[in-house]
Amino acid sequence: MMAINEQKNSVILGDLTAIEDQRYAAIELSGIQSDSRKIAAGNLFLAVAGHAVDGRDYIAQAVANGAAAVLVERAGHSADKLNYPNVPIIAVENLNLKLSEIAGRFYNNPSHELSIVGVTGTNGKTSCTQLYMQIANLLGRSCGVIGTLGAGIDGQLNEGLNTTPDAISIQKILAEWRDHELAVAAMEVSSHGLEQGRVADVQFELALFTNLSRDHLDYHGSMLAYGETKARLFRQPGLKCAVINIDDHFGCALVDEMPATTDVIRYGVEPDARTNHSADVWVDNVRFHPSGVNARLHSDWGSVEINSPLLGEFNLSNLVAVICCFGLQGFALSSIANVIPKLMTVPGRMERIVSSADITVVVDYAHTPDGLEKALLAMRQHTDGKLWCVFGCGGNRDHGKRPLMGALVQRHADHVVVTSDNPRNESAAEIIDEILGGVDRPSMVEEDRGLAIQFAIANALPGDCVLIAGKGHEDHQLIGDFRVPFSDITQARLALAVRANAAGGDAR
């Protein structure tokens with residue numbers, strides 16, 4: 001990623017937040033960090049009380065590394081334990097919720113100089129942001145992306161750990177892009193990111209809602225709270241436009257809450273989207289085929305034929321959503337439609353693994369009940385043979401969805417292969433047992449995910465489809481506290497090569 005010279009952004013502490021003691025307000029800062037290990041001379045250390053780590057435990061390290069000042073979370077803070085005569089330790093209430101504002105001020109509010117599309121929803125965030133970037137490039141615009149696959153410009157991404165990075169990183173990335181005269185960007189906005197205030201001081205020009213279904217209930221507690229958190233994106237100051245999926249019940253309710261000052265586009269791909277929900281943008285004459293989907297798109301901007309190489313109705317929905325974004329930004333439908341056949345599959349999102357032609361193998365990131373069901377239904381639309389599904393469930397997450405996902409796979413697939421996913425700090429065997437609460441006739445139960453993939457691909461008959469769900473683009477498994485190298489895509493290619501050799505052919 002391109003670098004930004006923090007020294008050029010030297011500001012005083014009083015510019016970032018209210019400081020009662022004016023002796024400290026004039027302290028000059030060369031940078032800001034919430035990681036004590038990254039502190040350099042003259043930096044401000046933000047000692048946040050996080051969910052897993054309390055930054056206040058690392059103040060000594062930050063001071064030793066040259067911190068000029070420290071802002072510390074007031075709640076639970078004991079000034080008696082800290083004695084650094086040359087470095088002020090300043091308590092701030094709800095510091096974690098103010099990081100976006102502080103970082104935004106330090107970097108001179110970069111989001112105000114960019115056209116940023118924020119995408120939220122349970123499923124489809126990565127696909128929509130990546131498709132937005134691709135179409136922007138094909139239309140001759142450079143585009144930045146922040147999300148699950150990482151952050152970068154025009155597909156040159158640096159891997160990230162979170163869908164929505166921490167507040168300081170977001171502002172720094174946006175500042176880099178602004179300083180290099182980038183004009184547009186797309187950002188995945190997760191419910192965690194909204195709840196924790198990571199984008200509180202990011203100005204979005206356009207917000208896109210894809211859907212809402214069961215996920216992260218271990219964190220939010222209820223669907224009501226989960227949905228309310230998603231809705232926060234549409235209340236961001238300065239928001240000009242909203243694109244909302246009205247095939248989704250929550251989307252319909254969200255439309256009704258939008259203020260008159262926001263330009264709202266309602267879209268849908270279900271047959272009743274126009275007649276029952278008054279969609280502004282909708283499709284008909286939808287035709288699925290082995291290489292993608294064709295449809296006719298209608299809108300107030302006109303009608304156009306769409307020829308998409310992407311698999312599944314939900315990818316058609318994602319594509320229509322992105323088309324709406326470009327329509328709102330003034331692009332002609334004909335220009336958008338002309339570049340759609342050139343789109344590439346988003347990594348790990350309904351990604352076909354090219355091989356010998358006798359079976360179809362697709363890797364998808366679907367890891368929620370709704371996402372998994374949509375992936376299974378999509379593969380039914382694109383195959384005439386039997387449908388296999390290899391899947392598991394992540395550890396340290398919502399236990400309640402495990403038997404639900406098992407039941408969904410049994411309902412929609414002909415062959416159910418239950419395996420591990422990212423067990424984290426849980427027993428993979430116990431997670432599988434919970435999944436089997438919804439499955440009474442699995443074709444295979446195999447804890448080793450690689451062996452499970454091999455089994456499905458080896459036993460599929462010509463014309464069958466194998467859907468490998470849950471991990472998508474990921475290149476590792478989270479087992480205990482370790483990131484163990486593992487790729488569904490690599491494992492699928494290896495298994496296809498073995499299959500081809502056994503048949504006397506070759507895998508490509």
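Backbone N, Cα and C define each Cβ position, glycine as well.
Per TrEMBL, the features are as follows:
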| type | residues | note |
| --- | --- | --- |
| DOMAIN | 29-107 | domain 'Mur ligase N-terminal catalytic' |
| DOMAIN | 119-325 | domain 'Mur ligase central' |
| BINDING | GLY121, THR122, ASN123, GLY124, LYS125, THR126, SER127 | ATP binding site |
| MOD_RES | LYS230 | N6-carboxylysine |
| DOMAIN | 348-472 | domain 'Mur ligase C-terminal' |
| BINDING | ARG397, ASP421, ASN422, PRO423, ARG424, GLY470, GLU474 | meso-2,6-diaminopimelate binding site |
| MOTIF | 421-424 | motif 'Meso-diaminopimelate recognition motif' |
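Annotated features, which come from TrEMBL, shown on the structure.
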residue : record                                : Cβ contacts under 8 Å, 6 or more apart
GLY121  : ATP binding site                      : LEU208, PHE209, THR210, ASN211, LEU212, LYS230, ASN245
GLY124  : ATP binding site                      : THR210, ASN211, PHE314, SER317, ASN318, ALA321
THR126  : ATP binding site                      : GLY147, THR148, LEU149, THR163, GLU188, VAL346, ARG349, TYR365
ASP421  : meso-2,6-diaminopimelate binding site : HIS367, PHE391, GLY392, CYS393, GLY394, GLY395, ILE431, ARG449, GLY470, LYS471, GLN477
PRO423  : meso-2,6-diaminopimelate binding site : GLY394, GLY395, ILE431, GLN477, LEU478, ILE479
ARG424  : meso-2,6-diaminopimelate binding site : GLY394, GLY395, ASN396, ARG397, LEU478, ILE479, GLY480
Taking every pair from ARG397, ASP421, ASN422, PRO423, ARG424, GLY470, GLU474, which the record gives as binding meso-2,6-diaminopimelate, the longest CA to CA distance in angstrom is 17
Cβ packing number for LYS230 (N6-carboxylysine), 10 Å threshold | 24
Other residues, Cβ within 8 Å of ARG397, ASP421, ASN422, PRO423, ARG424, GLY470, GLU474 Cβ centroid (meso-2,6-diaminopimelate site) = HIS367, GLY392, CYS393, GLY394, GLY395, SER420, LYS471, GLN477, LEU478
Distant-in-sequence Cβ neighbours of SER127 (ATP binding site), under 8 Å, six or more positions away = ASN315, ASN318, VAL346, ARG349
CA pair ASN123 (ATP binding site) / ASN422 (meso-2,6-diaminopimelate binding site), Å rounded to integer, equals 18
Distance [Cα-Cα, Å, rounded] between LYS125 (ATP binding site) and GLU474 (meso-2,6-diaminopimelate binding site) = 16
